[in-house]
């Protein structure tokens, strides 16, 4: 097969591992920076170009699109879809999962466990918003934040009001969530591939920190999932329409709660913590799925 990896960073661990795994299984693979692509959109022969070169037809595309380039990256991914190329995660699913509020709304409709979440526009609604999520302490999240950036733990009601007012004053979109104290600064990253969890790790926040992201100094260890946790992770990924997803769970007193569904989950932490060849599993999945239609979201684009 001829496989393209859409990535801005050929030197990044996840990109390198996908390239290695594809080559080990006998495939031709090329890393393509989506920002270097431009598109010819027409009814007869749509195409994608880089620096005057028309790209060849690929059998499959693996999107590794950073959040900062979601719009353009997904436009390029969608162009591949229009050309009939199999994409591991479809553009519509990537776009959907990048909208944190929409993700929460979709999962709540499916009955998937979530922290109580509030969203408002007017400062006058702040007191009621805080009450809705159970009062302080509570978590305030920028909808555009990634890797723990833009996530604040407000330990008192006064602090919560001040932070929410400040974000609203900056016209930043935020959501407010209940703080799951019993999680003790830990979450579980479930790596979902197709209809099963192929690897999972527990991420523990660094001392004095409540965010467990590895980019924030958290540590990762192997974890054994319960059947319910596996089921919730797979259902969350399917709700987003993702074939590959990193689903972050919190263990609460009333069962697993989904914090986030990531459409471009990193491989370094999960492979390091579990010792599993996740990159190889992804390529094996593509080998089986690339020729199947219709795709998971049921529509191209």
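Just so it is clear, glycine is given a Cβ too, placed from its N, Cα and C backbone atoms.
Per Swiss-Prot, domain 'ATP-grasp' is recorded for 104-287.
If you look up Swiss-Prot, you'll see 141, 178, 179, 187, 211, 212, 213 marked as ATP binding site, on the strength of sequence analysis. Residue 179 (ATP binding site): 18 other CB atoms within 10 A of its CB, across all protein chains.
DSSP assigns residue 248 (Mg(2+) 1 binding site) to a strand. A 10 Å cutoff on Cβ-Cβ distances gives residue 248 (Mg(2+) 1 binding site) a total of 21 other Cβ atoms nearby, all chains included. Feature annotation from Swiss-Prot assigns Mg(2+) 1 binding site to 248, 260; the stated evidence is sequence analysis.
Under the DSSP three-state reduction, residue 260 (Mg(2+) 1 binding site) is assigned to strand. Taken from Swiss-Prot, the feature Mn(2+) 1 binding site applies to 248, 260.
The Mg(2+) 2 binding site annotation in Swiss-Prot covers 260, 262 and rests on sequence analysis.
Under the heading Mn(2+) 2 binding site, Swiss-Prot lists 260, 262.
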Candidates 187, 260: member of the binding-site residues with the richest Cβ shell (10 Å): 187
Between residue 187 (ATP binding site) and residue 248 (Mg(2+) 1 binding site), how many Å separate their Cα atoms? 7
Three-class DSSP assignment, residue 141 (ATP binding site), comes back as strand
